[in-house]
Amino acid sequence: MAEENRKDRGVSSTVAIPSGLNRIKTRLASSGPRPEDSSDTVLKPPFNRNQKTIVPRGHGRTTGSSKQERKGTKLSRWLASYKPKYSCHPPKYACSSTTSSEEIKLRGKNSGKDEEKMIKISETNPPCSKSMGIKSFSHELGPRGGVQTPYPRPHSYNDLKELLGSLHSRFDVAKETVDKKLDVFVRDVKEAMEKMDPSCPEDREMAEQLLDVARACMEMTSAQLRATCESIVQDLTRKRKQCQAGLVKWLFSQLLFILTHCTRVVMFQKETEPIDESSFRKFKECLERIPALETDWGSTPRVDDSGSGYPEYQRNEAGQKFKRRDKESLESETALDYVVPNDHGNNAAREGYAAAKQEFPSHEPQFDSKVVEQRFYLSDEYEDKMSNEPGKELGGSDYVICRICEEEVPLFHLEPHSYICAYADKCEINCVDVDERLLKLEEILEQIIDSRSLNSFTQAGGLENSVLRKSGVASEGCSPKINEWRNKGLEGMFEDLHEMDTAFIDESYTYPIHLKSHVGAKFCHHATSSSTGSITSVSSTNTPRTSHFDSYWLERHCPEQEDLRLMMDLSDIARCGASTDFSKEGSCDYIMACMQDIQAVLKQGKLKALVIDTFGGRIEKLLCEKYLHARELTADKSSVGNIKESEDVLEHASATPQLLLKDRISIDDFEIIKPISRGAFGKVFLARKRTTGDFFAIKVLKKLDMIRKNDIERILQERNILITVRYPFLVRFFYSFTCRDNLYLVMEYLNGGDLYSLLQKVGCLDEEIARIYIAELVLALEYLHSLKIVHRDLKPDNLLIAYNGHIKLTDFGLSKIGLINNTIDLSGHESDVSPRTNSHHFQKNQEEERIRHSAVGTPDYLAPEILLGTEHGYAADWWSAGIVLFELLTGIPPFTASRPEKIFDNILNGKMPWPDVPGEMSYEAQDLINRLLVHEPEKRLGANGAAEVKSHPFFQGVDWENLALQKAAFVPQPESINDTSYFVSRFSESSCSDTETGNNSGSNPDSGDEVGIWKLHPFLSRYSICNHRIYRKLFFLLLCVF
């Protein structure tokens, strides 16, 4: 009995399901012998329309039963060799199968003559087999690796002709595959026609029409089939609906399944512009907007500057100087009262800017010695002032790392600096050009000055008039609403700002904290989670609103400590630097004078890490970048005499909070720890940022895959939208960057697994728990659709469980890549393992084949319009939501089967194995699923918006406004910070080695590789095992009956 319990998917092992799951129901599939798996799979047409057949989960919901598998540790599963998803040649149309006499006898009770005909048709297919390829994990991250695809693939996206040839050849390869399948289909139809009953001439006539269509498609060229395949599929779909259940309708489904391979390719290519040299150049321009740095997988945290684009002499001359820190600026010195600069110095800056604007047009500025001399004069005056200043006031020695600028900040300035830095970062988040970023910083400085002036926070009598005069420069649309300022306090300030916590930061990165505020309290415990349920520190991207900043500035900031005139000087310098055209003569000298001015302003600042220091450092960094660019593009001989002085300026600029050469993030800034999961279109790795110690999840995608799909512009457009938003049920994006071959997306790290992993263990969920999960999914889809984004690839794998137990939807910006893999390659993922003498080994190998190909070949969650290759919209997501709800309640998708073409036929027929209603499912849940799974998209629930879904009786009692604040039924309890054992990937199940590895310390040798990661309450464990046995017996009984 104990051995039997261990075989039942390892449910006897400890697992981590909370006691909040009141009624645990388990999945209907098991790893034991089944009547269906005792022999080869034989496809048969559906004859009884009301037949309810519960099919075992055929794509990865099962674990191995061997004893060696149970001894592997969590980490060894990933370090061991695994089988890649494309480790074999494209399979043929079908594989041979030998049906046992007992099974045929049982099926004969409920089948007619048509069934025997279809069995003989299936037996005509030749046998085939696949080799189980092995690929080392060490090649996962490299630019090379993977298995060759059946179509020509370019070696680099820079080779335009080779790339375009690869793009155009995709449909040609699809045509060749379809022709082979059509040839087999024609032979099968001929054999079926010979045995048809002569008393049914209608069936014979329809079969002849199918023969004519198949032959015509085979005779067409690739161009002709591309132009006519959509109309052919639409006509076949219409005729199929008119057929009655039987052999002819099954033949219609088979032909549709073959031809939709072409229509899906056409659909994805039609949604974008034709692939030619012009569109490819547009793509390259779009891709170049993402910063590209060469990848270096070494352990050194140094950034590889080989791809910076600057000449060698400039990197040696200036680049190395930016890596040295001015430690004197971090030392604590005695503070004296600040002497306000006289009006002459302040007016000099404005006169210099006015002279440049008046004498030379702004769109084509030029510079002469007077303007440059004016800038140097201002710098000399600042230097004279600084000679009488002892230094900056730091007031303490404790420092912490800001999660935004990643620089050390005095502890007592952490709260205001975090807000100011986030606000400054907002100025540059959507700006690419240096001049645009300078103008944005200048605009925000003007708003700060306006808020100070309008509330009488001035230090000079005539300052207010000058500020009011300048206020017209700022953008009117970005001006704050004065009436809202006083209505918002400190809590309102942080409404849109990330919490300043160091959730799950390594101890080596934490600092002693003595701050007695809300922010300081968060820092005191390094394992405090964020309010969003993420382990990733969430203080690095979200930024406050304009009115929030002014409210905080007026109510919380100490105005006497920040000099208003220095802010005005920073604004002038940023404006002058942005108006400089470095293609004109004298631009280098002028920018260098601006850099000297800003360095003088920074030296006069009394407080570190506040407005002057934060904005000034960012402006200085941008000016340095512009200066180096100007030196690269211009050969101004007049600047040769100032080389020594410019070197001093560049060397001093290295003390700014932002280093110039480190402005753009790359993969070298992260330490790759281990893989988390593998998906249909990318791999996800757990990584730690070297500077802060924060954990992130990095998704790695191949550039060529995106180019091959010809959908890069939409992907980048969705990414640009989602990277700036924050929603409690969507996974956050933090960074995106590229190397030569890959695109990297850095997302928040959620170590609670996903709904697929949860269902993998518990089988199915109570309706109350499923209602909350689906309600959160509805809100996520509602938000995505408001951004004009269709997910298209919704499934339990993409619903991650956050640290607080709530779900977060992922892959929404890149789901179309996975969708293409899921739909185009459906027909190539068939179980074609040759029969073995040992039925147990054959059943195990057959199951492994289905698991290995499931993630890229299952159409379980796809809407009919996507499978048929027709136009689709938001309604496709609501279809998938209905599939997910059915799976949460029953444990299996409604249309699942052992082969993709059978799933395809089930979806078109709408045949579902409903559980007992209302015993196992309520009437409200059944009605919601029925209305979501309507074949016509315009009639589907949700076609007119999410409001009609939210108003369904199934969601009665759901508090939509406070759903994210409710306590979740299942809250993950990871063993450590970097514990990824809650993830059970569809790929990882077939990728792990069957042999025990040597690294198994700290784990139970008797626990299964997936099962041992959950900790289940003893009562729930016993209940789950008992329930599992009941469902397994019921499952076998249903198989025998039907």
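Just so you know, glycine gets a Cβ as well, placed from its N, Cα and C.
Feature annotations, courtesy of Swiss-Prot:
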REGION    1-75  region 'Disordered'
REGION    90-115  region 'Disordered'
REGION    297-327  region 'Disordered'
ZN_FING   402-421  zinc finger
DOMAIN    670-955  domain 'Protein kinase'
BINDING   Ile676, Ser677, Arg678, Gly679, Ala680, Phe681, Gly682, Lys683, Val684, Lys699  ATP binding site
ACT_SITE  Asp793  active site, proton acceptor
REGION    830-850  region 'Disordered'
MOD_RES   Ser854  phosphoserine
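Under DSSP, residues within the zinc finger (402-421) fall into helix, strand and coil as 11 helix, 3 strand, 6 coil. Cα of Val684 (ATP binding site) to Cα of the residue listed as 'active site, proton acceptor': a distance of 17 Å. Burial estimate for the recorded positions (Ile676, Arg678, Gly682, Val684, Asp793): highest at Asp793, by number of other CB atoms within 10 Å.
Of the recorded residues, Ile676 (ATP binding site) and Asp793 (active site, proton acceptor) place their C-alpha atoms 20 Å from one another. Separation of the C-alpha atoms of Asp793 (active site, proton acceptor) and Gly682 (ATP binding site): 14 Å, rounded to the nearest whole number. When secondary structure is read from DSSP and collapsed to three states, Asp793 (active site, proton acceptor) falls in the coil class.
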